[in-house]
Amino acid sequence: MALFRGLWSVLKTLGRTGVDMCAGCGGRIPSSISLVCIPKCFSSMGSYPKKPMSSYLRFSTEQLPKFKAKHPDAKLSELVRKIAALWRELPEAEKKVYEADFKAEWKAYKEAVSKYKEQLSPSQLMGMEKEARQKRLKKKALVKRRELILLGKPKRPRSAYNIYVSESFQEAKDVSAQEKLKLVNEAWKNLSLEEKQAYIQLAKDDRIRYDNEMKSWEEQMAEVGRSDLIRRNVKRSGDIFEH
């Protein structure tokens, strides 16, 4: 998105609109935020076309900087709630604009993928598919994490051991990070159950915080049509103790 905004600024400086530019390659940009023609215009660079953002994610991406500016001290989860509320109140006519853009971009994306593959030889195609399978597993988790951060998903609860490590890690000085972790781990093992109890209680409190925040967050996701992010089987007992 940042790349596209930079490109758009350059085109405006040159006195050419996105529609003018794309007329030369057969594509067009229906709005200033659309990425429809990017696969066509940059196919010669050899980059595999990227999937377009969903309607709600695009709306959230647009609104987040505005809400951050208005509420600089607010938590990300609070901003996401405000954005979700704004999306719910958005007139259907405006939502349809986002949905139409997404459908147009998805169609362009599929066409760009087909054209990209047509340029490859059979051996190149096999190599590309093999590499894609390997990268897909690595990227899937990263993309998912980034999306969940944007959507304000609560942080997972920490175990008693993790809380202890975060408090004790900085106390070990003049040694490598690996050695620090080893020392802290040994210190944790040497603690009595009574000494660990304070950290166990903190972990229980953090689990309650997490469960409450997740309940609220999942209700928001259901309201904006992201039921795919709602847990099916919820475990109330977790790795509170650990190690």
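Note that Cβ sites are derived from N, Cα and C of the backbone, with glycine treated the same way.
Predicted, not measured: the structure shown is a model, and the values here were computed from it.
Quick look at what TrEMBL lists:
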SIGNAL    1-15  signal peptide
DNA_BIND  49-117  DNA-binding region
DOMAIN    49-117  domain 'HMG box'
DNA_BIND  154-218  DNA-binding region
DOMAIN    154-218  domain 'HMG box'
Reduced to three DSSP states, the domain 'HMG box' (154-218) has 52 helix, 0 strand, 13 coil
For the DNA-binding region (49-117), what are the DSSP-based totals of helix, strand and coil residues? 56 helix, 0 strand, 13 coil
